[in-house]
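Look at TrEMBL and you will find CYS180, CYS182, HIS204, CYS207 tagged as Zn(2+) 1 binding site. Residues annotated as Zn(2+) 2 binding site in TrEMBL: CYS193, CYS198, CYS220, CYS223. Per TrEMBL, the feature domain 'PHD-type' maps to 177-226. Annotated site 'Histone H3K4me3 binding' per TrEMBL: TYR179, MET190, ASP194, TRP202, in sequence order.
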Amino acid sequence: SLAGIENLPCELQRNFQLMRELDQRTEDKKAEIDSLAAEYIESVKNMLPEERVEHLKKIQSAYSKCKEYSDDKVQLAMQTYEMVDKHIRRLDADLARFEADLKDKLEGSDFEAPGSRSLKKGRSQKDKRSSRGRGRRTSEEDTPKKKKLKGGSEFADTILSVHPSDVLDMPVDPNEPTYCLCHQVSYGEMIGCDNPDCPIEWFHFACVDLTTKPKGKWFCPRCVQERKKKK
């Protein structure tokens, strides 16, 4: 993932440049539309019906082109967000896996140095500042009914035993969407409830007592209770 992050600035610069070009094309078309409209208003009384139709078609074509440029710019902005979001979620999962491995090593050690506890705390605080929770993507690709893991297939079998507070102490965007029973932002591995009417949808592994991906369909605690009541 480090190789991908190294290329990220170049990819972002290219996308932003394309967005600026599309924005300039849109502004040029808007100026053309204003000019055509002014010309039409000034000359409409002296135009033949065929000329009026032809002129209006030019204006309509310019509007269509303007909308096309705007749609392309929005699509490019969404792709850029997806690209950055993918790298951040990968880093969050790598960080959680690293912390889990480190925790296992410390718990399996027979000797702990007197200063190791404070050193570990200091390291955790530093790591917290270097990462942040991420919201769920809004594209359709992120909400297939059969999807289980939010973090991607390469982390499907990763065991994450990091406590939620270790990740959530970090500053986050106040507009960041929240999920799970804990009403916190997205981080690490998350699992989707297979109930299509689930009001929450996504849950942190630790909050629902999971360490690995379960087999078959999975329902959150709330939906399990609702299903029992209906029976």
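Cβ coordinates are placed from backbone N, Cα and C, and glycine is handled just like the others.
Note that TrEMBL annotation is computational and uncurated.
Annotated features taken from TrEMBL, shown on the structure.
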{"residue": "CYS180", "record": "Zn(2+) 1 binding site", "CB count, 10 Å": "22"}
{"residue": "CYS182", "record": "Zn(2+) 1 binding site", "CB count, 10 Å": "14"}
{"residue": "MET190", "record": "site 'Histone H3K4me3 binding'", "CB count, 10 Å": "24"}
{"residue": "CYS193", "record": "Zn(2+) 2 binding site", "CB count, 10 Å": "22"}
{"residue": "ASP194", "record": "site 'Histone H3K4me3 binding'", "CB count, 10 Å": "16"}
{"residue": "CYS198", "record": "Zn(2+) 2 binding site", "CB count, 10 Å": "16"}
{"residue": "TRP202", "record": "site 'Histone H3K4me3 binding'", "CB count, 10 Å": "19"}
{"residue": "HIS204", "record": "Zn(2+) 1 binding site", "CB count, 10 Å": "25"}
{"residue": "CYS207", "record": "Zn(2+) 1 binding site", "CB count, 10 Å": "17"}
{"residue": "CYS220", "record": "Zn(2+) 2 binding site", "CB count, 10 Å": "23"}
Checklist outcome for this item: Of the recorded positions MET190, ASP194, CYS223, the one whose Cα sits nearest to the Cα of CYS207 (Zn(2+) 1 binding site) is MET190
Checklist entry - Just the number: how many Å between the Cα atoms of ASP194 (site 'Histone H3K4me3 binding') and CYS182 (Zn(2+) 1 binding site)? => result 19
Checklist outcome for this item: DSSP tally for the domain 'PHD-type' (177-226), helix/strand/coil in that order, comes to 9 helix, 11 strand, 30 coil
Next on the checklist: Give me the CA-CA distance between CYS220 (Zn(2+) 2 binding site) and CYS180 (Zn(2+) 1 binding site), in Å, as a whole number.
Outcome noted: 9
Next on the checklist: I'd like to know which of the recorded positions MET190, CYS198, TRP202, CYS223 sit within 10 A of CYS180 (Zn(2+) 1 binding site) at the Cα level.
Outcome noted: MET190, TRP202
Item to check | Euclidean distance between Cα atoms of CYS198 (Zn(2+) 2 binding site) and TYR179 (site 'Histone H3K4me3 binding'), Å | outcome: 12
Checklist entry - What's the CA-CA gap between CYS182 (Zn(2+) 1 binding site) and CYS198 (Zn(2+) 2 binding site) in angstrom, rounded? => result 15
Next on the checklist: If I restrict to non-local contacts, at least six residues apart, and a C-beta distance under 8 angstroms, what lies near CYS223 (Zn(2+) 2 binding site) in its own chain?
Outcome noted: CYS193, ASN195, CYS198
Checklist outcome for this item: Spacing of the two Cα atoms, HIS204 (Zn(2+) 1 binding site) and MET190 (site 'Histone H3K4me3 binding'), in whole angstrom, works out to 5
Item to check | Protein Cβ atoms within 10 Å of TYR179 (site 'Histone H3K4me3 binding'), excluding its own | outcome: 22
Checklist entry - Excluding CYS193, CYS198, CYS220, CYS223, which residues of the same chain place their Cβ within 8 Å of the centroid of the Cβ atoms of the recorded Zn(2+) 2 site? => result ASP194, ASN195, ILE200, GLU201, PHE203, PHE219, PRO221, ARG222, VAL224
Checklist outcome for this item: Cα-Cα, TRP202 (site 'Histone H3K4me3 binding') versus MET190 (site 'Histone H3K4me3 binding'), nearest Å, comes out at 6
